[in-house]
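Scroll down for the structure; my scribbles are underneath it.
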Amino acid sequence: MGLVSFEDVAVDFTLEEWQDLDAAQRTLYRDVMLETYSSLVFLDPCIAKPKLIFNLERGFGPWSLAEASSRSLPGVHNVSTLSDTSKKIPKTRLRQLRKTNQKTPSEDTIEAELKARQEVSKGTTSRHRRAPVKSLCRKSQRTKNQTSYNDGNLYECKDCEKVFCNNSTLIKHYRRTHNVYKPYECDECSKMYYWKSDLTSHQKTHRQRKRIYECSECGKAFFRKSHLNAHERTHSGEKPYECTECRKAFYYKSDLTRHKKTHLGEKPFKCEECKKAFSRKSKLAIHQKKHTGEKPYECTECKKAFSHQSQLTAHRIAHSSENPYECKECNKSFHWKCQLTAHQKRHTGVTYFQEVVFQQITVSDWTGNLSENGPHRPTWTWAYGIMDFVKAWSRCIIGGGL
C-alpha cells in the first residue's frame, strides 16, 4: 500500500498570493499543513521535515526566511505590520486548499498501515495498535482561563494526556516516549531509544556504575576513591577518628558520630512492650523480635535460627574452616576479631594490668576518684577506656595479679 507524500497534498502560495490572505485564512492554512504533516509523520517517523513546515512552525509564510523577516503568522509574532488589504484569494488556490483534507490519509488508512508496521516491529504494545491520528494529535480548544505561549490551540497527547503548546513539540514527545520504532539500542541492557542523544546519555550511567577503584589486598572494588581509602584502613588497622571522651577509635567518621550519641544518653527509640529504650532504631527492631519470638534467619547446616542477619553471619563462621582474621606477626588465623586482638597483645608483652596502669593509674586512684566524684565519671582518662579497665581489673584479680 503506497503512502501519500507531503508534496502530494501541500498547497503552495506565491509571495503575492500570500499577501492577499487575511489573518484567519493564514491561520487556516497553517493548521491544515501542520495537521497533514503530523498525520504523515505518524505513519513514517523517518520522513524528512519539509522546508515549508520549518517556516510554518516558526510563524513564517511558505517562502524563505530571508523574505519573511518582516512578516509573520498571527498568534506568533506581532500582526500590526500586516497589510490592511482584503483582496480575495484566487479561486484555484481556495479549491486546492479545501481538497487538502480529502487527500489527507483517513483514519481507516492510517490504522491499517499502522497495524501492518507494528506486526513487524519489535516490542509492539497493545495500547498503540489502534491509535488514530486524531487521538494522537487531538487539539483541545482554548478556554478563557487557559494561557499559552503561542496564543493558539493546545495539542494533547492521548496516551499520557500531556498538553503542548505546538504540534512539533507533541511529535517530539510521542517519538521519545510512546513510539514503537526505536532504532538505537544499548549494548549492555538492551534498552532502546528513538534519539541517539538519549542513548548516549543512558550509556554514561553504565560507565558511572563501573567500580574502577579496586583494593589491592582483597580485590574489593568501589565507585569512588574516597570509599577505597576508607576501606584500606581496615587492612592497615588505622583508626583516625577518635572519641574525645573515651578515646575509642573508628575507621569511619560516621561510626564516630554514631558512637558519640551513646555519651549523650539519648535513647529516643522505646519498646512498647517493656519500655526499654535504645539509641538506634535498628537495635530496637532486633530487640522487638525477642518479644515476638521471630527468628527468620536459619542456618542451613544445623537449622539453628536467629533473629538478626548479623547473628547468622557470625554463626556461619563457626561451621566453616575459614579464619578471616590473621595475625601479621605469626600468621596465625582466628575466627573472631576479638580473638585476634587478644592474641596480638601477647606479642607486645603487655599484660592486662599494665595496659590499665599505662598512665600510672592504680587501683587506689580508681577507688579514690570514685569517692571524691561520687557516681560521676572520673576526670582523668585511660589509654584503653573505662570498660577495658574494669575487664583488666577483674582478670588480674582472678589471675592473682593484685
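The backbone N, Cα and C atoms fix where each Cβ goes, glycine too.
Among the ranges 92-114, 184-206, 368-390, the stretch that Swiss-Prot annotates as zinc finger is 184-206. Within the set 67-89, 297-319, the record from Swiss-Prot flags 297-319 under the feature zinc finger.
It is 118-139, from the ranges 118-139, 272-293, that Swiss-Prot records as region 'Disordered'. Same-chain neighbours of the zinc finger (297-319): 286, 289-290, 335-336, counting only residues six or more beyond its ends whose CB sits under 8 Å from a CB of the stretch. Long-range neighbours of the zinc finger (213-235) within the same chain, counting only residues 6 or more positions beyond its ends whose Cβ lies under 8 Å from a Cβ of the stretch, are 251-252. Most Cβ pairs under 8 Å with the zinc finger (155-178) belong to 184-206, among the candidate stretches 184-206, 269-291, 325-347. When DSSP labels each residue, the zinc finger (269-291) comes out as 11 helix, 4 strand, 8 coil, counted as helix, strand and coil in that order.
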